[in-house]
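J.: Dumping the structure here so I can ask a few things about it.
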Amino acid sequence: MDPFSAEGELLNIHNAFHSGQYPEVIDFETAALSPENQLPARVLKLRAQIATGQAAEVLATVSSEEDTPDLAAVKALAQQVLGKTDAALQLAQDLAENYPDNATVEVLAATVLQAQDLSEEALALLAKHQGNLEAVSLIVQIHLQQNRADLALKEVQAAKRWAQDSLLVNLAESWVGLRVGGEKYQSAFYVYEELASAPSTSAPLSIVGQAVAELHLGRLPEAEAALNSALEKYPEDAELIANSIVLNVLSGKPSTDLEARLSQVQPSHALLADIQEKSDFFDAAASKYAPKVSS
Amino acid sequence: MQSSPNMLTKFESKSSRAKGIAFHPTRPWILVSLHSSTIQLWDYRMGTLIDRFEEHDGPVRGVDFHPTQPLFVSGGDDYKIKVWNYQTRRCLFTLNGHLDYVRTVFFHPELPWILSASDDQTIRIWNWQNRSLICTMTGHNHYVMCAQFHPTEDLIASASLDQSVRIWDISGLRKKHSAPTSISFEDQMARANPNQADMFGNTDAIVKFVLEGHDRGVNWVSFHPTLPLIVSAGDDRLIKLWRMSDTKAWEVDTCRGHFQNASACLFHPHQDLILSVGEDKTIRVWDLNKRTSVQSFKRDSDRFWVIAAHPKINLFAAGHDTGVMVFKLERERPASAVYQNQLFYITKEKHVKSYDFAKNVESPPMLSLRKLGSPWIPPRTVSYNPAERAILVTSPADSGTYELIHLPRDATGAVEPTDVKRGQATSAVFVARNRFAVFNPSSQQVDIKDLSNSTTKTITPPAGTTDIYFGGTGCLLFITPTTVVLFDIQQKKQLAEVTVSGVKYVVWSNDGLYCALLSKHNVTIVTKTLEQVSTLHETIRIKSATWDDAGVLIYSTLNHIKYSLLNGDNGIIRTLDQTVYLVRVKGRNVYCLDRNAQPRILEIDPTEYRFKLSLVKRNYDEMLQIIKNSSLVGQSIISYLQKKGYPEIALQFVQDPQTRFDLALECGNLEVAIEMARELDRPNFWSRLGAEALAHGNHQVVEMTYQKQRNFDKLSFLYLATGDQEKLSRMAKIAEHRGDFTSRFQNAIYRGDVEDRIQMFKEVDLYPLAYLTAKSHGLTEEAESILESCGLTEDQIGLPSLETPLQTPRPIVPTFKSKWPVKAAGHSSFEKALLGEVGADEEATGDALEFGEDETEAVLAKDTLDDEEEDASGWDMGDDVNVEEDVEFVNVESAEAGAGSSEADLWARNSPLAADHVAAGSFDTAMQLLNRQVGAVQFAPLKDRFLEVYKASKTYLPASTGLPPLVNYVRRTTEETDSRKVLPIIPRDLETIASVDLQEGYAAMRANKLEEGVKIFKRVLHTLLVNSVSSEEEVEQAKKIISTAREYILAMSIELERRSVPTDTEEGLKRSLELSAYFTIPKLEVAHRQLALMAAMKLSFANKNFNSALGFANRMLANGGSAKLLDQARRIKAQCERNPSDAIDVEFDQFAEFDICAASFTPIFSGSPCVTDLFSGAKYHEQYKGSVCRISEVTEIGAPASGLRLFVPGL
């Protein structure tokens, strides 16, 4: 029943999407797919387009043929990404109410909800899934964002029982592993390294994952090698730049250039916002102190 | 009984019936004596016939190599025993005496004896040194088929068609022939004892035992190499095992199986096995202990006659009706797998062990695989999975089995594995973290299995697949007899295919980009997508390969270690005395497993291939490095460079002038060529140089070479061509001198010198020509005079019609004056690198010289500095203000329920260190802590440090698309998972500060960049203030660094202040002098203090403060150090001593103890009130209490504080 199972014909496009190979997804040949798989494949392609920054085009495409809940969900996501948050929320909530059993709706509407910090609503929607691994991985991520590694771990272990070999479960387990730490860092490293080293799955996503795992393992030179070679290949990838900043700071190297680059590529990146916020916080906190005698 | 899949034939020869075989003890040679009277000497490794010896008449049945000498012995049906020297390829002599066919001949292992057995029913011992018969043993009453010496004892075993085996004691013979020693009474008695003598009273060789048990004639007998065992083979088709003690011998057991006459048998030299051959066309292997058949090998149509074992190596040879086969019983390649710095391998005892390349240590056994496969069959391959720490082992037993075993965490001994998954397959490899592939050739099916051994996927490989290998992540390589196929498991798709036949092993490069496919005689290098990069052929078998980190393939053949670059260039690195299986190359070490599965390290010289590699990569710097640092010479590398078109590089390291000359010509380097030609100074070289220079148009060089060759004609022509009239006339003079008229004429023509031509014609009595020349050039007078002297008139001569006289061509450009525009001497980039390097080198050495002094001083100063600091470490003890410890845990608001608290919150909760709070982003609590610990009040200077620490605390992991990345927190406690103990990583640890920042500060001091220095040292203070260390020792170290930084900041600030003081007023001058004196007070490193003293001394001296200057000079001299500085000090001291008085009175008493106030830069004499900054330790006059410390810029002077905390025990 699961079109993404190991024998299904969507396996390759699905894996390509989740290992972050968006160009491959967009170029994927779908003509040969059976009719019932055409729509899921189309959704994946549209999502890949959104992920590569073509949300506006996607919105234009789906707006004209918004006849299935799947495409409507894609529309909601595109709106969210384009900053039309109110419309996106409205649409997502509608969809969640009307089509809670549609796998695409579950995942995309929950993404929109979570992106607007409505974690409880997102989780409630996702809880209705029936063997949708993507929903599982989303649940794991939401739990982790809520700092509930314990719940995330439970979710992963439950999923492992019925889908041990899925890429998504492996990835979700690595996310949890990187939060838990200790030996789990190494296991997460293996998962990402395997992805990053195989030509059929290598993408910024997997290289960043590998480098992050190495950072956490304290293996800075290896992390540096991975990030530097990836940066040459994908100079515009925000997460690559962000993690390179962290690495440079850790190894005592200047990071100003990279920060400038990041603010160009993605001015809204969490790292920059965070630093700005903390900088202001610092000034506020520091102003409470003064020497008894000013010199 | 199973037929043998394991018998590995290494060599086969085709000839007539082979009756005798002998292995050379050290070389890969085998002697074969044939029924056709020939003796063949084969190299079984190369498969070549080295020599043939044909002097026997009729079949040759016995043959043996001498263990040490270049000799062998043979015996045949011509009754003769011949001793040969295989080096001179001659028969040295013949031993005559036997009266019938000679069956076997053997050398004694140490004595100069030969043992022969013959159909004349005797066994004879000969001394081959004096070529005499020394003993004849009679007793058998039929043909003696075989007689052998015991390898260590004075015993002989013989086998005869009289159905008996006899054991003979020859100790008497040895005594008789050993160096004469006094014979004891007992010996005399023993020798005289008639009971032990044979019927002729002969005590040299006596029958010790007669072994009867065979029902038919016995064909062969052998001793066990170490145990008191004997094995015999007879026409009753039986192999019998006998045991003997000192006094008796008895039959132990019989091995039944041959169904025709058994011809020969022997014990396996190292294993508990018996091997036998028979006329039933089989070789059989028996278990010595159980006397059961282990394996057998059958030939189709050839009866076996003889078998021999190599004394050292696991090799056997058997002679049959149509030749000889050399074989071994089992694969000797130990199964092994390499992962990063670890080698996993299976020993001969079937124990799994690991070897650490980084530490060069072998682990104790981790597992015992005793139960895997059958006892005599070693495992074939092992594949390692680092993520699961599991191994996959395959064994060829039972037509292929595999086992999946988890390795124990620690190697505790050869334990039996638990939880083993097994199945049927000939190959099994891990293909991913949690997947492995197994291949079953019978079903032609590859199963992908998960770690619980259940099949998740089934793949049908290409037809004829024989083996599978790892093909990069998620991929497999299928090996068929003619191709290798790359297959993506997930997509179930063939990605690439390459046609390479007979691939046996696949070796991936360390970076996974290239892969070497090894077949018996070929190495093919392909990329990870199976594009062929290069291929090479070896005549000798290729055994193994491994990749150097630089991407050079190192491979081993039977007797060499060789390398191959990606472009296929290859060469020998070293020879091998025994076959090894390479597993890893690291620097100059090659790690390998030998045939006993022992890890060994072989040293190699990687220079040659590294050089070639850098040549290919055009990495000239590295080439230079190699040329400089190693003795890379030899013809091979030069011819290699020449062949590859790099004569200019070859030129760099050739000494021999002739080769240099050749190379210089080849790369058109005329300068070098000239130099070399001068050195060689032979016409041949000059002429070649001339030709080359001419081609370059370099006429100066051409001129020189012509001069050297005395090639006047060509010189003249050259001058003509370059328009050098002057030299041309000189040439004419030279020609005149030499009396060479042809040359003179030629020069005259070149110069257009008609007079000279006429003159010359006249001199050689060619008056007609002289006249004609004169006439045609319109020199009528001259013509007249010529006519006159000949006594002729004009009408007597018939002249051809005269045309315009010859015009000599004149060069338009005076080429001779200038150089021909030669292409700028083409320095190759390599040469440039060479030149650049040389330049840089000089500079570097220059620099080093300048700095040398400083550095040595710094080292010298180190000790004293340490002492001082130990004293100084007491500073913060005195005025310690007691602040309660328990207030250090600042409360952190716990996060709201529902969502959990982030790790950052945990950090702040777990630690009382300000740095950890900063990393957690809890800046307010961090400031609170710093305020309490060190009285920090002004935080602005710490902002960069705060943000730096905070920035390093989190990573961003992209997860689901459309959502922000997952934030994870970087820990310094990487092994910890207990949320109460996790702590953040803090960038710039103590070591970095000490080894980087502090050194930068010192450098600024040396370079006199004081503003920068102050900044650097302040940064050091700030970095330390927000930091964590890992032990109490490091806390002490941190304190030392703080005080060092303080002293430097103080000193530099004083000096900076001095520079800003105007010296045009008297007060200004006084203050300046004082400050320069104070500059000498802070505890700097001695080398730096010398600088301060020097400056103070000079300033005082210049201002006639001789007394102060004297004081500084004395201190400098006391400090010692650089001779240059000391010299100056001595000179000033001498001058000042004449008038030790100060012109200006300054507030500086060199003999008093005082500190410098860091705010006012005035002395604080001991006893006067002062306050100290708790963090930096700087001292101030009391009025500065409550203001911000000038040194740290953060802390409040004299504020109550508990002391900085950098380390929490137990966390």
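Placement of Cβ uses the backbone N, Cα and C atoms for every residue, glycine included.
Unlike curated entries, TrEMBL annotations are predicted automatically.
Sharing the feature lines straight out of TrEMBL:
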DOMAIN    B:349-594  domain 'COPA/B second beta-propeller'
DOMAIN    B:622-778  domain 'COPA/B TPR'
DOMAIN    B:839-1206  domain 'Coatomer alpha subunit C-terminal'
REPEAT    B:53-94  repeat 'WD'
REPEAT    B:95-136  repeat 'WD'
REPEAT    B:137-178  repeat 'WD'
REPEAT    B:211-252  repeat 'WD'
REPEAT    B:255-296  repeat 'WD'
J.: For the repeat 'WD' (B:137-178) and the repeat 'WD' (B:211-252), check the count of CB pairs under 8 Å (sequence separation 6 or more) and say whether it reaches 3 or more.
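T.: In this chain the repeat 'WD' (B:137-178) contacts the repeat 'WD' (B:211-252) - 3 or more Cβ pairs sit under 8 Å.
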J.: How does the repeat 'WD' (B:211-252) divide up by DSSP, counting helix, then strand, then coil residues?
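T.: Tallied per class, the repeat 'WD' (B:211-252) gives 0 helix, 25 strand, 17 coil.
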J.: Using DSSP, how many residues in the repeat 'WD' (B:95-136) fall into helix, strand and coil?
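T.: Helix/strand/coil tally for the repeat 'WD' (B:95-136): 0 helix, 23 strand, 19 coil.
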J.: For the repeat 'WD' (B:255-296), how many residues does DSSP put in helix, in strand and in coil?
T.: 0 helix, 24 strand, 18 coil
J.: Which residues of the chain, 6 or more past the ends of the repeat 'WD' (B:95-136), have a CB below 8 A from one of its CBs?
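T.: Same-chain contacts beyond the ends: 20, 59, 61-67, 71, 73-77, 79-83, 142-149, 151-152, 156, 158, 160, 168, 170, 173-174, 177, 204-205.
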J.: Looking only at the repeat 'WD' (B:53-94), what are its DSSP counts of helix, strand and coil residues?
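T.: Taking the repeat 'WD' (B:53-94) as a whole: 0 helix, 23 strand, 19 coil.
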J.: If you run through the repeat 'WD' (B:137-178) with DSSP, how many residues end up as helix, strand and coil?
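T.: DSSP classes over the repeat 'WD' (B:137-178) add up to 7 helix, 19 strand, 16 coil.
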J.: In the predicted model, what is the mean pLDDT computed over the domain 'COPA/B TPR' (B:622-778)?
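T.: Here the mean pLDDT over the domain 'COPA/B TPR' (B:622-778) amounts to 79.
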